[in-house]
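Structure provided below as structure tokens; questions to follow.
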Amino acid sequence: MRPSNRTPAQTRPITITRQFTAHAEGSVLVEFGETKVLCTASFTEGVPRFLKGQGQGWVTAEYGMLPRSTHSRMDREAARGKQSGRTQEIQRLIGRALRACVDMKALGENTIVIDCDVIQADGGTRTASITGACVALVDALNWARGKGIIKSNPLKFLIAAVSVGIYNGEAISDLEYVEDSAAETDMNVVMTETGKIIEIQGTAEGEPFTHEELIELLGLAKNSIREIVDVQKAALN
């Protein structure tokens, strides 16, 4: 039995609120249960130096957690003077995932910076960030098309992400913190709206997992991501 009484395949209630802030070209509040992340997409003309003159754009991401997004206050990383390895890993994951769904040639020499700020954390912050950031990205691209900055839509497909794992010997989807912290296996999966895999991060935290369990976890992730994409589409429509 899961602490929330959810079934093994059941995700938490997922909400996506668009245009959550006034200034960003795309902004979304994404909620996976008690995990809440503000995702903004900022569109700027021009690209990093290594891409200049190549006729293509760039998408990158930054990630952070507010000091009291967790049960006890943590210092701001800016106050410590450096980002943690975890933060760097997560923002690279978000950037890689989003670049997979954008046609960089169609974007032209423009840059989109995604900022994912965790307001409240209860497990799955990186997967919630990717899911919300994709919707914010769509809004930023639509803004640029409306302004005539880009002519065609660079979006190739929607992407979403979910955590899956083995908890008390059972494969489950969308882990909350109490499950994540005690899971025997923890995995983050990013997929396209058609179920193609973009990234898998999987670790045996306690017991090694079998090939059969891996296939079961990926099946859970695929079904959950299909449901999450439906939430994205409903928000965009």
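Residue numbering: from 1, along the chain as shown.
Yeah, the Cβs are placed from backbone N, Cα and C, and that goes for glycine too.
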Starting from the phosphate binding annotation in Swiss-Prot that includes G124, T125, R126, which of R80, R86, R99 is the extra site residue?
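Same phosphate site in Swiss-Prot: R86.
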Which chain-mates of T125 (phosphate binding site) that are at least 6 residues away have a CB under 8 A from its CB, listed by sequence?
T35, V37, M65, I90, V118
Among the binding-site residues listed here (R86, R126), identify the one with the smallest other-Cβ count within 10 Å.
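The binding-site residues R86, R126 were compared, and R86 has the fewest Cβ atoms within 10 Å.
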Around the phosphate site recorded as R86, G124, T125, R126, what other same-chain residues have a C-beta within 8 angstroms of the site's C-beta center?
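My list of surrounding residues reads Y63, I90, V118, A121, G123, T127, A128, S129, N188.
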